[in-house]
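J.: Before we start, here is the structure in question, set down as structure tokens.
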């Protein structure tokens, strides 16, 4: 009895499934018009159109719905596109003058091209509320197949002029399994096959130009058809001017304030120098967080930040040099006092020389005076003031001493000039020179920087 009951249950289940399939076929027949039922009869979706009569040509067009993100770190962009493909299938020709729009789920019954996005990192087909597919069949057998796809595509970027750079990205479409002997791709309307970029709004970029091209992909397994869409993006620099260039320039100007502060105010000048250096370092680190850590890219913004850091560091070194010269050598007032003492010494030496010269002139007058007549004893008369025979020799010694002292004084002056603050008469002149040299150099460097990166 158990065997017969099991057999009876199986027969009941099979009868129930058969009735369900028949009802499904009846419902499908109610959905599909007789024309489509006739077309689907004997249709083999595993064979491409014109299987024995040459390649099938597939025309494509794109509608760019949005470009969500453009990442310099990952070197890619994310876009949502509407991909439309057209081809002719001679097995789907029917009589009539109206096209037939079918449910997207019926695409499983038809042959479709095996198109894929070459540089795609991640892609998905939208399926809310149903899979976003469109199938439309025309009386001459032309099939329109449309998809809504969001894809993340790699884009090789040259960041040497960042943030004044222009990037050219591509979207490449190829056939995965059919080579050029089976399938041929073409743009339906040339450069006008891609639409949506004219009204596209991006955060940091503007689309300057776009164009299409047709090529072939050469692999080990053969040559495959390829369609390429090129679009050129120009970065908007206003954000970076407000975020990086203006703050860094103001930090450089702030470092010049120390040139107008007295050299004796050591804490004030050191505080300005160290603060600007640390702030500039933080600004440089923040500017690099959104960029790839690659040594091969020396970007324009890195060059400018390096220039600003060099000027700020140079202002700090300038004060160190000026302060060292002030401590190491006499002050300007001390130098004046030293010169005053030298002048007094010269006056004293001149007084000595004057005295010696007057004495020698008196001796000369006495020497030239007439010789007194001899006395009765036969000897000439001598007066107490008559010079002895040794007096002419004493007049020559002070003149030699004067010449030697004058030479020593001149040598002393030369030594003082050579060691006076490294040939700088006044250490405070270093700040005076820096007030003019630093701003003028910074302006010249800025002119060269912006001219090169904007026009070359």
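Backbone N, Cα and C atoms are what each Cβ position is placed from, and that goes for glycine too.
Here TrEMBL flags 383-392 as compositional bias 'Low complexity'. If you look up TrEMBL, you'll see 36-236 marked as domain 'Neurotransmitter-gated ion-channel ligand-binding'. TrEMBL lists 244-450 with the feature domain 'Neurotransmitter-gated ion-channel transmembrane'. According to TrEMBL, the feature region 'Disordered' maps to 360-395. Here TrEMBL flags 1-23 as signal peptide. What TrEMBL lists as transmembrane segment is 237-258, 270-291, 303-322, 436-455.
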J.: Which sequence-distant residues neighbour the transmembrane segment (436-455)? Criterion: at least 6 residues beyond either end, Cβ under 8 Å.
T.: 161, 164, 252, 256, 259, 300, 303-304, 307, 311, 314-315, 318
J.: What parts of the chain pack near the transmembrane segment (237-258), using Cβ distances under 8 Å and only residues at least 6 beyond its ends?
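T.: Here the qualifying positions are 163-164, 204, 268-269, 272-273, 276, 279-280, 283, 287, 301, 304-305, 308, 311-312, 315-316, 319, 434-435, 438-439, 442.
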J.: Which whole-number mean pLDDT does the model give the domain 'Neurotransmitter-gated ion-channel ligand-binding' (36-236)?
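T.: Summarising the domain 'Neurotransmitter-gated ion-channel ligand-binding' (36-236) by its mean pLDDT gives 93.
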